[in-house]
Amino acid sequence: MKFKLEHTDSKSKARAGMIKTDHGDIQTPIFMPVGTAGSVKAVHQRELMYDVKAQIILGNTYHLYLRPGLDILEKAGGLHKFNGWSKPILTDSGGYQVFSLAENRKLTEEGAVFKSHIDGSKHLFSPERVMDIQRIIGADIIMAFDECPPYPCDFAYARKSMELTHRWLKRCIDRFDSTEGKYGYSQTLFPIVQGSVFPELRKQSAEFIASCEREGNAIGGLSVGEPVEEMYAMTDMVTDILPKDKPRYLMGVGTPANILEGIALGVDMFDCVMPTRNARNGMLFTSEGIINIRNEKWKDDFSPIDPHINSYVSSFYSKAYLRHLTIAKEILAAQIASIHNLSFYLWLVGQAREHIIAGDFAVWKNQMVEKVSRRL
Ligand code: GUN
């Protein structure tokens, strides 16, 4: 993997760049649709490629390991071959999912022991095991095994957890660097900054992560319930420390406004379930603001969902029709809303990139944050 920094905004820390992988190039800043179990829910690959124009998608080690399992993924020749997505894939390491989904989980120095949320079977995720699993899944970018502490948590817990994440990272690096990809293309490992909302710990963690000199770095442990001001303050501190010539990935973030602010703070990559999960509940993100499509006010609004978004469903289907499908619980409602929301997120980061290159990002960003946060 290679990263080329193309432009840096003069009035903010926003950057435009290009990540090169063996599965193609990614223009940054970028949003990565979440495909937890090997599928972006309700969106098939052709729509993801040509309507949404996704450049990279995300998968989850925890889910893919439990189902379909490593034997099937390896027999398929990796996740790209299995699900038909030929562009880059990033996999999260499972640390975060073990703590949010698994039952009876227990953390030790060795790793995390947990029971599957699917069948109750018992498993151990260690840093070494999680590297091996992500080698088999075959993502282009794989994440270090970390602990994401809950919010709020006290300083002592956050420090212990960060130190464990750092020790686990060393083990991840040792294992990753002593193994090879199984399918003939290269993979890269991103470490994750932790430290909860404590500036001292964030600084320490960012310095440690930077010293590992990997090809890209991630910021974890945010968007877990803390006030947005704290999320921005921690991100701001960390991007001052992480190397400028490598991509920065802010994990699990966020709303359209969070993404624009994150870009202004020097973040290059984002992922979040929000555009797809909220789509399935009738929440639409548009260039004019947020719509609850179940609301009666849309019942006879025959205007397109959002004509500014260059995706077929956004201008072909009306708000009134999508409202009808949603109320009638038609499967098509989830499909249209998911494709639209993802297209909007990809449009938004694409616009941000254009404005960074044009040199007017900061002004555009402030106007856009207001617009996309409005409830219509
Ligand atoms: N997704 C959102 N936040 C995190 C985090 O802190 N760690 C990992 N591994 N995944 C995340």
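Don't overthink the numbers, they just go from 1 along the chain as shown.
Cβ coordinates are placed from backbone N, Cα and C, and glycine is handled just like the others.
Features of the protein shown, as given by TrEMBL:
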DOMAIN    12-372  domain 'tRNA-guanine(15) transglycosylase-like'
BINDING   Asp92, Ser93, Gly94, Gly95, Tyr96, Asp146, Gln194, Gly221  substrate binding site
ACT_SITE  Asp92  active site, proton acceptor
REGION    252-258  region 'RNA binding'
ACT_SITE  Asp271  active site, nucleophile
REGION    276-280  region 'RNA binding'
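Ligand 1 lies under 6 Å from the Cβ of Gly95, out of the recorded positions Gly94, Gly95, Asp271. Secondary structure at Gly95 (substrate binding site), as computed by DSSP, is helix.
Note on the region 'RNA binding' (252-258): residues 96, 220, 222-224, 228, 231, 267, 270-272, 274, 285, 344-345, 348, 369, 372-373 of its chain, located 6 or more positions outside it, place their CB under 8 angstroms from a CB of the stretch. Distance from the CA of the residue listed as 'active site, nucleophile' to the CA of Gln194 (substrate binding site) is 17 Å.
Taken together, the residues in the region 'RNA binding' (252-258) have a mean pLDDT of 98 on the 0 to 100 scale. A gap of 14 Å separates the Cα atoms of Tyr96 (substrate binding site) and the residue listed as 'active site, nucleophile'. The substrate site, placed at the center of the C-beta atoms of Asp92, Ser93, Gly94, Gly95, Tyr96, Asp146, Gln194, Gly221, has further neighbours from the same chain whose C-beta lies within 8 angstroms: Met143, Ala144, Phe145, Glu147, Cys148, Ile192, Gly220, Met251.
Less than 8 angstroms from the CB of Asp92 (substrate binding site) sit Leu58, Gly59, Asn60, Thr61, Tyr62, Met143, Met251, each of them six or more residues away in the same chain. If you measure from the Cα atom of Gly221 (substrate binding site) to that of Asp271 (active site, nucleophile), you get 13 Å. Here the binding residues for substrate are Asp92, Ser93, Gly94, Gly95, Tyr96, Asp146, Gln194, Gly221. Their largest Cα to Cα distance works out to 15 Å. Rounded to a whole value, the Cα-Cα separation of Gly95 (substrate binding site) and Asp271 (active site, nucleophile) is 16 Å.
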